[in-house]
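**Q** The structure that follows is given in the form of structure tokens.
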Amino acid sequence: MRALSILGSTGSIGLSTLDVVRRHKESFSVVGLAEGHDVHALAEQIKEFRPTIVSVRDENAADELKTLLGPADRPEIVHGIEGAGTVAAAEGSDMVVSAIVGAAGLTPTIKAIKAGKDIALANKETLVVAGQLVSDLVKQNGVELLPVDSEHSAIFQSLLGHRAEDVERIILTASGGPFRNTPLEEMKKAGPEQALKHPQWTMGAKITIDSATMMNKGLEVIEAHWLFNMPADRIGVVVHPQSIVHSMVEYRDGCVIAQLGSPDMRAPIAYALSYPERSESGVKKLNLAEIGTLTFEEPDMVRFPALQLAFDALKAGKTYPAVLNAANEIAVAAFLNKQIGFTDIADTVDKTMQAHEAYTPMELDEYIHADRWARQTASTFISS
């Protein structure tokens, strides 16, 4: 039996993970849960999955959770980013599902790695912000880092059984989001209601906006660089509106191996949890005859400059990826709060990157310093 701690248990990935666990209670147990926003949902999860430790956002949420649980149902309750780290390193778990949204997931994930836990990584920002540090820690601690993002899971599966030297490049697919065919002038007027209508995937608000700007794909390019040791010029992106081909690997003989499946995050989650085996995930079986047509097109870097910004950050290295991510988080939050327009998101990121004097970070604190600087700078651009 594999014992799990789930960071971000009440979010989209967390709920899908628990659905997989629910289907395979003979294979998985839950040791720890961490959430940031929905104490009532966490209380129900505690009653069903009986973790020994949970973390909530702050002391008030901890008090509220205690009132929702009887003494018999009550696990150890901790709070804050330190609490999430305690859950991540909790004794008794052997795998941590890292699904906290944004750079907030970095520190708990590092604590899990240092505690010798295998990582099922849904929090791409961990590698975007501190890819070199995290990669080094994974090697030093002898743990496995298994991708949960559908694209990286597809690449991981498409690489199995092949020699690294035979790989020509990897190709990430992107749905194109809700504005794939929207003229730029109309995109400038788009509000959160339009941007949150993803044509294929059901996800949280932040990642849905990132998909609409194509920043999500840019972050995935940086994540792929660290996961698969692939330089930027050997990572491609192609828009695939049907979201059936999840990504591809091109080999030097001209052959391309791809992984296909219905657009449902439970499939890559089940694969990461069960690896190297496979488990039934509850995902609808793929019927290609019913789908009929699969199409592909080049991404439009003019209408979606966030993707180019991510490639630029990856190529420049140093603290640029951390700054890219932090500025984007601030800009997306401002857009969701209707403080800025849709196209202002990429503009804010661009301005913040241009204002940054990059350096080579060595320690976690140096990555966090760049993250904080970018948040403050992006906030200043937005308020002005």
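Each residue, glycine too, has its Cβ placed from N, Cα and C.
Feature table excerpt (Swiss-Prot):
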type	residues	note
BINDING	Thr10, Gly11, Ser12, Ile13, Gly36, Asn123, Glu125, Gly204	NADPH binding site
BINDING	Lys124, Ser150, Glu151, Ser175, His198, Ser211, Asn216, Lys217, Glu220	1-deoxy-D-xylulose 5-phosphate binding site
BINDING	Asp149, Glu151, Glu220	Mn(2+) binding site
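Provide an account of the burial state, proximal residues and distances for the features listed.
**A** Cβ contacts within 10 Å of Asn123 (NADPH binding site), excluding its own Cβ and spanning all protein chains shown: 28.
In sequence order, Ala174, Ile207, Asp210 are the residues near Asn216 (1-deoxy-D-xylulose 5-phosphate binding site), counting only same-chain partners six or more apart with C-beta under 8 A.
Look at Glu151 (1-deoxy-D-xylulose 5-phosphate binding site): DSSP puts it in a helix.
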**Q** Can you tell me how far the Cα of Glu125 (NADPH binding site) sits from the Cα of Glu220 (1-deoxy-D-xylulose 5-phosphate binding site), in Å?
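**A** Their Cα atoms are separated by 9 Å.
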**Q** Whole-number Å only: compute the distance from the Cα of Thr10 (NADPH binding site) to the Cα of Glu220 (1-deoxy-D-xylulose 5-phosphate binding site).
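**A** Spelling it out, the Cα of Thr10 (NADPH binding site) and the Cα of Glu220 (1-deoxy-D-xylulose 5-phosphate binding site) are 23 Å apart.
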**Q** Pick out which of the binding-site residues Lys124, His198 has the most other Cβ atoms within 10 Å of its own Cβ.
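**A** Going through Lys124, His198 one by one, the largest Cβ count within 10 Å is at Lys124.
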**Q** Between C-alpha atoms, which of these binding-site residues comes nearest to Asp149 (Mn(2+) binding site): Gly11, Ser12, Ile13?
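**A** Closest by Cα distance to Asp149 (Mn(2+) binding site) among the binding-site residues Gly11, Ser12, Ile13: Ile13.
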**Q** Under a three-state reduction of DSSP output, how is Gly36 (NADPH binding site) classified: helix, strand, or coil?
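**A** SS state of Gly36 (NADPH binding site) = coil.
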